[in-house]
């Protein structure tokens, strides 16, 4: 929760029992987004890289960054691993990862999925996911798994920058059903690490898609050219979230009022039963005289 959180109390019902208290719904004034970094990054590095982006959208969204559980294999076999260089999974037999690799394994993927599920549960609530490169690939997989109810994560929207479809065979089933949540797909026309066609292919697996293509390479753009797109996207997501909470609150109030009416009906029935019993008793007394 942010410091801007506010509690909204449901309107009281004159028919509700005084012993019953109306529920309180906490309205989060910003949507909360769990962020997944790229290969050989970590949560802190990714957070720093998204400084301008976070500033653009700070009115509407709060971003939480976590780090992958695996240390990436060193670039050279004789080199020492760098703790700050993290990996969500490896898709090559030598323990490294390459986005363009096809048909390889997914070493460590389940560990990473459990970590993200735990973060979603313990650091939430969250409404959305955001990822860059391998992290965006991961976000796409999570959305597909959520569609099939194969993960406890339930994103309401997602942002995928320089994303791609995983080539690992064990991931193929995650792309079997199109995903309907709103998504923003960001990619560069000059990206040589993840060519834009790969990112466009990932976008094709979603139904409610907005695409932001920039003229650069493999990075998350955050200049004045992209600012309004980001603001509009998160403004819409916040509006949807608040409307959902308003509907939820309305349903809760209706449920309580319905319960109060049932109690009143029960009371009326009891009164009728008492009156009938009293009348019957009086009749018996008259007969005995």
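Cβ coordinates come from backbone N, Cα and C, glycine included.
Here's what Swiss-Prot has on this protein:
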ACT_SITE  133  active site, charge relay system
ACT_SITE  191  active site, charge relay system
ACT_SITE  218  active site, charge relay system
COMPBIAS  1-19  compositional bias 'Low complexity'
COMPBIAS  259-271  compositional bias 'Acidic residues'
COMPBIAS  272-283  compositional bias 'Low complexity'
REGION    1-24  region 'Disordered'
REGION    253-289  region 'Disordered'
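Annotated features taken from Swiss-Prot, shown on the structure.
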residue : record                           : Cβ neighbours (10 Å)
133     : active site, charge relay system : 29
191     : active site, charge relay system : 20
218     : active site, charge relay system : 18
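Rounded to a whole number, the distance between the Cα atoms of residue 191 (active site, charge relay system) and residue 133 (active site, charge relay system) is 11 Å. Residue 218 (active site, charge relay system) is 5 Å away from residue 191 (active site, charge relay system) when you measure Cα to Cα.
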